[in-house]
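Have a look at the structure below before the remarks.
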Amino acid sequence: MKVALVYNDKVETLAVVKALEKLLNARKIEIDPENPDVVITIGGDGTLISGFHKYQNLVDKIRFIGVHTGHLGFYTDWRNFEINKMVDNLTKKQPSSASYPLLELIITTGAGEKKKLLALNEATIKRVSKTLKADVYIRDQFFESFKGDGLCVSTPTGSTAYSKSLGGAVIHPRLKALQMTEIASINNRVFRTLSSPIVIAPDEWITIKPETGSDDHYVVTFDGYEFNHKHIKKIEYRISQHVIRFDKYQHTHFWNRVEDAFIGQPKDKQ
């Protein structure tokens, strides 16, 4: 087995990385950042997302394991004090596997060029200096005309991130669905929207066609990364044929993660 390590530069993280490297070397597990079988991220959910984008070209061949140096994350199963147990499991135990859907974006520019992107959490479109005006289509059928700050399309795992702060629903990651949420929509007689998050089935897709003009300048974000372009003809969003896979050696129920992250019930109520 070959592993790659992806980590942030925090002091507590670097200490965990140093200890983890010693454990892996002692167990004769090769650290290979070029062609790994497993990518271990040390940090938080943001670090895991960075690891996904670093190795997305290998996403069909590799699995991910997340070590959290803070509280338990949505993508990270292990805490920093559990790395001995994690390495033991790597060498002795057959893991179960969990796969989560990814979001595919196809951006078509005004010149007809196409750019394909993948996102683990979400993608947004905004206008740089003015209000975004765009027509929204579902399965290539017109749905609504939007005016506002922007639109966000998220995966089920991304539903606990930016989408939730926009009023979106929290969706279990076993559901292959996409969710679109509005960012500060403006409704009038010309631009009328549902003014509610929508969730679409895995065989459906969303197309956003921004209003075109000489002074257009749009920013498309995907998991915090940016694609800037002056003229965007349309963006298609759909569930990707690719998935991200995680090695699971210990199970934490999704709703327990949600409760721990957002509610934090006193233990005497459990």
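Cβ from N, Cα, C; glycine included.
Swiss-Prot has this to say about the protein:
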- D45: active site, proton acceptor (ACT_SITE)
- D45, G46, N121, E122, K147, D149, T160, A161, Y162, S163, K164, S165, A184: NAD(+) binding site (BINDING)
Separation of alpha carbons, D45 (active site, proton acceptor) and K147 (NAD(+) binding site) (Å): 32
Inter-residue Cα distance where the pair is D45 (active site, proton acceptor) and A184 (NAD(+) binding site), in Å: 26
Among D45, G46, N121, E122, K147, D149, T160, A161, Y162, S163, K164, S165, A184, the record's NAD(+) binders - longest CA distance, Å: 32
In three-state DSSP terms, the structure that N121 (NAD(+) binding site) belongs to: coil
Whole-number Å value for how far D45 (active site, proton acceptor) lies from N121 (NAD(+) binding site) (Cα to Cα): 10
Inter-residue C-alpha distance, D45 (active site, proton acceptor) and T160 (NAD(+) binding site) (nearest angstrom): 11
Local Cβ density at T160 (NAD(+) binding site) - other Cβ atoms counted within 10 Å: 22
Structural state of T160 (NAD(+) binding site), classified by DSSP into three states: helix
Other CB atoms, at most 10 A from the CB of A184 (NAD(+) binding site): 11
For K164 (NAD(+) binding site): intrachain residues, at least 6 apart, with Cβ closer than 8 Å: V170
Number of other Cβ atoms within 10 Å of the Cβ of K147 (NAD(+) binding site) across all protein chains: 19
